[in-house]
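This report concerns only the one structure given below.
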Amino acid sequence: MIKITLPDGAVKEVEKGTTPMDVAKGISEGLARNVISAKFNDTTVETTTPLTENGSLTLYTWNDDEGKKAFWHSTSHVVAQALEEMYPGIKLTIGPAIDNGFYYDVDFGDQSISEKDLPEIEKKALEIARGKFDYKMRSVSKADALNYYKNQGNEYKVELIENLEDGTITFCDHSTFTDLCRGGHIPNTGIIKAIKLLSVAGAYWRGDEKNKQLTRVYGISFPKQKELTEYLELLEEAKKRDHRKLGKELELFTFSQKVGQGLPLWLPKGAALRERLEQFLKKAQKKAGYEMVVTPHIGQKELYVTSGHYAKYGADSFQPIHTPKEDEEFLLKPMNCPHHCEIYNSHPFSYKDLPKRYAEFGTVYRYEQSGELHGLTRVRGFTQDDAHIFCTNEQLNDEFKNVIDLTLYVLNSLGFNNFTAQVSVRDLEHPEKYIGNAEDWEKAEQAIIDAAEEKGLKYVVESGEAAFYGPKLDFMVKDALGRNWQLGTIQVDYNLPKRFDLTYKGSDNELHRPVMIHRAPFGSMERFVALLLEHTGGNFPLWLIPVQAIVLPVSEKHEKYAEKVLNSLENDEIRALIDKRNETVGKKIREAELKKIPFMLIVGEQEEASGTISVRRHGGEDLGSLSTDTFSDLVSTEINSTLKSF
Ligand SMILES: [Zn+2]
Ligand SMILES: [Zn+2]
């Protein structure tokens, strides 16, 4: 008999050779129907793998990420089989699961495929899947494995096998298809009910551009047709909400090859939007006791040697700038923290002066390879809404709670209500990976967990995910399309205070080391605006949107009155424009809709006579004729309802 421990701590005594599927059946038939993958003692196993020793078992269904991974990887085998049957002689290489689906890299030799071939391949793959073939793993000796692929003339698999240890090599069979594979499959192909091949792209063997270019076929699959349909709708919507597309349409930002890739240029409307976000945060920060500081865009190389950034990232960042006469070395600032440490160091502090909270919208520069750049989410220069808090160990819990309050205020005011938090703590089995003493770590981790608890956050604790210098709390946001984004982060740091020899005088008159908290609720302005665009589809909260209302005169005759309306709105601090073009009101409305302007104010004969405006909301709702005063009240009521005071 062996002992199997389940995630809830329950221990089951079962016969040696029992499979994960047997364990599932022992729990309930319902569970057994849904289990598609399993992990035993931190190793992915098949649901049919005989368990031969004591250990802990986790069973996965489609609802788990691990389950999806097994599902998608298993589908890649089926797609590979379909490809092999339709294009004899091709060479298969690797077919892993990815975040959303899977891919298979194939050497098509003299043959080739394009996106128009994908539906036929999908059909074939689905036909195979319906055969309900079991996935069966078997061990193969290195010699046999090499022979198998040498006979096929597949040099890619041969190369993979050559790097494997004899005795660890396995093949996976289903139907008439065999593939070199480590494992991690669903029970049988019949569970795959819907397959969609999404695209075809070029990919170098082993990601090395010196190697041969292969064809990568991307796909995704689901246990229900309905889920595929929903996913495809989501993809369509995501395309419409792509921040690069919306950023252009709404005239927020642009890029110039002349200025350089990965360096965003903010257009007037985008700059105004950013300015509003900054003012919003500055106001809340002021109330929370932060002080603004300003530091330069470059710093001496020595500064980053002291901070440790140079040793860690130096080779992978923009290379030093040299002065012509003195041959000094400067680096573009990759982080604001070292500068803020030196601000702290410019003045002696006693425990009564702490905490010190220095905030800066600091622009930093990090080298990213050109292939990695993506709109505003992966750039080479960006502005962090950064701040560093220097406090005593005793103050850590309170400071942490204050930062959580501020972060929640920011997220709620911007319409993000669906978020989770992750507390990243040490890996207790590897204390050598972390700096600082165990007692401080313990206190800091507990302070974060207590703070999250007291603030009623939904959180998970991930051990081993802490930075080497301290534990942290990350906010993860689910956007309107259900995608996860990492947003603001709060980190405790024992490292920099030591490296910069930061001190304060305690009540005992001795010098002590402060703790440092790094925090950025937005993360960076660039990334945040990108996320906000994709989350809202450009329909920003009213307080933030660049243009809140547009006045649409029915004809030239009513321009004077339209200007009067505009004046009165501007007096009430409403951001409005007039569309004076000689176009029909219908056309002006359609264009204002595309520009996501929340209110369209139509003025013609009747409105001018009665001193009113006809108000139409973005999306088509007719609010009727209102006086400008009533309209201004409506706008400020709506703003106050989202922008709660801090
Ligand atoms: Zn496999
Ligand atoms: Zn920092």
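Each residue, glycine too, has its Cβ placed from N, Cα and C.
Nobody curates TrEMBL annotations by hand; they come from automatic prediction.
Per TrEMBL, the Zn(2+) site holds Cys337, His388; the candidate it also names there, chosen from His174, His185, His518, His535, is His518. DSSP assigns His388 (Zn(2+) binding site) to a strand segment in the three-state reduction. Sequence-distant contacts (6 or more apart, same chain, Cβ under 8 Å) of His388 (Zn(2+) binding site) comprise Asn336, Cys337, His340, Cys341, Tyr344, Arg357, Tyr358, Met516, Ile517, His518, Arg519.
Listed in chain order, the extra residues whose Cβ falls within 8 Å of the Cβ center of the Zn(2+) site residues Cys337, His388, His518 are Met335, Asn336, His340, Cys341, Asp386, Ala387, Gln491, Asp493, Leu496, Met516, Ile517, Arg519.
When DSSP labels each residue, the domain 'TGS' (1-61) comes out as 14 helix, 21 strand, 26 coil, counted as helix, strand and coil in that order. A mean pLDDT of 94 is what the model gives for the domain 'TGS' (1-61).
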